[in-house]
Amino acid sequence: LPAAMAAPTPVSALVHSSTLVTAGVYLLIRFNMMLVDMIFFKFLLLLSGLTMFMAGISANYEFDLKKIIALSTLSQLGLMMSILSMGMPDLAFFHLLTHAMFKALLFMCAGVVIHMMSDIQDIRYMGGISFYIPLTSLCLNISNLALCGIPFLAGFYSKDLILEMVSMSNLNLMIFFLYYFSTGLTMFYTIRLLFYLMVNDYNLMVVYNLYEEDYVMLKSMFMLLFMSLIVGSFLSWMIFNYPYMIYLPISMKMMVIYVMLMGLFSGYLISNMKIYSINKFLM
């Protein structure tokens, strides 16, 4: 996957849309009745949990904008595969659909940003993006927060339902830890990306191509923004033919929020870059 992200952006978008999700996750969702009660599913649960964990860790040490988005896609694919191998293919499909909305929006915003930076992908060169392309930054931030699972955005419904079904199932502590720590790591690299792109100063390491915003891109980006706001509640009302009854104590019910807050705090601590700077975003 990181080798595919070193390719040009249409190639990597094609790899994301066709190869990984369709040929991998969706095929296993279609054929999940053939695989149920096999030892392969327990092995797949272990492998996909470790995939989710390691992709979330290596996204924190990456400086390429597309590689960060690709590793977050890999982390979400690990989440889908692991909930599929726990025997809930409808939840995996629900998370696949909601994740498609905000990840497409995220790739479009990253493409606009890379094109504006005169084709430089390194996030250390960027900074102060929100002052120059505010609407693209709005779409980027909202899709990132939907990826983290901020409540009542699209990613919250699928991710929260998946994590609560994990909490209700009788799995061991390692799978539990892998799920929750990977959710915290998602928040971690999102806050890191936000600090590098938005809060950091305009740092003149590259001659910016500061044009006004691409209004052709913004039409489709606002459609995707609207979808990634409403599609979680809409699909959870439409595609489940029975409601999930989740009965948990209040501490485990709030565990997703706790993990998100811990990831937010640690991401703030690790990238507290010149927070009292003269950036127009903070004034």
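Cβ coordinates are placed from backbone N, Cα and C, and glycine is handled just like the others.
A TrEMBL annotation is a machine prediction, not a hand-curated record.
According to TrEMBL, the protein carries these features:
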| type | residues | note |
| --- | --- | --- |
| DOMAIN | 1-184 | domain 'NADH:quinone oxidoreductase/Mrp antiporter transmembrane' |
| DOMAIN | 189-281 | domain 'NADH dehydrogenase subunit 5 C-terminal' |
| TRANSMEM | 39-61 | transmembrane segment |
| TRANSMEM | 68-87 | transmembrane segment |
| TRANSMEM | 93-117 | transmembrane segment |
| TRANSMEM | 129-157 | transmembrane segment |
| TRANSMEM | 177-199 | transmembrane segment |
| TRANSMEM | 220-240 | transmembrane segment |
| TRANSMEM | 246-270 | transmembrane segment |
Based on DSSP, tally up the residues of the domain 'NADH dehydrogenase subunit 5 C-terminal' (189-281) by helix, strand and coil.
55 helix, 0 strand, 38 coil
Do you know the mean pLDDT across the domain 'NADH dehydrogenase subunit 5 C-terminal' (189-281)?
82
